[in-house]
């Protein structure tokens, strides 16, 4: 089945009020003609209000967020609930990013709880999975990805991946300038889809699987030419309007 591509920008810990306003103004101009690709941006949560205001009057670019908590309210200092994100019209919520897994010791099981919280709230989880360089060199890529996916399936069932997104981000390629070759990325994406298909072909067929890890305006077109790469989760290049727009346009063209 034809899957509509999704390109999402993860701003990480970058930006300011002025930066948010300026970048979104530039993106609105650059992406004004886009009709064949879904687009989302995830600024730091402090700038969601600024971003929501800046995005008013257009429907091409959707808001997302970089994190969510499993609790809905209460004594959880520094956390963000699904309801808070919904108030700013955030739709696509990143969970399981390797930086959260590494720096905040988030386990597969904890990430599964975040996934459940998002599904309950009607938000779209963008589940990041991927292996370290050591795991890659040891031939454990499929094993690691399967484990991270199975944490969701074992807790919520494979149907939880309906209207959800998986972002395959090999940790050795994030922010390093290294990127998996299109063939390498496609092989992992095909494995991910087949792993889901073993439980449900219908769920696998509709699942958006993004690639992340040093995606830029130079390598995007070749990555998107692969049949199981349905878009990208973009880091550094999402902070530059022209580069991010080129990635979106490459996805639209490749999947037309």
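Placed from the backbone N, Cα and C atoms, the Cβ positions cover glycine too.
Annotation comment: Swiss-Prot describes 97 as active site, electrophile. The Cβ of residue 97 (active site, electrophile) lies under 8 Å from the Cβ of 10, 66, 128, 169, each of which sits 6+ residues away along the same chain.
Taken from Swiss-Prot, the feature active site, proton acceptor covers 169, and the record attributes it to sequence analysis. A sphere of 10 angstroms centred on the C-beta of residue 169 (active site, proton acceptor) encloses 27 other C-beta atoms. According to its DSSP assignment, residue 169 (active site, proton acceptor) is coil.
According to DSSP, residue 214 (substrate binding site) sits in a coil region rather than a helix or strand. The feature substrate binding site is assigned by Swiss-Prot to 10, 11, 12, 175, 214, 235, 236.
Across the residues annotated as binding substrate (10, 11, 12, 175, 214, 235, 236), the widest Cα-Cα separation comes to 14 Å. Other residues of the same chain near the substrate site, with their Cβ within 8 Å of the Cβ centroid of 10, 11, 12, 175, 214, 235, 236, are 174, 234, 237, 238, 239. Residue 235 (substrate binding site) counts 22 other C-beta atoms within 10 Å of its own C-beta, drawing on all protein chains shown.
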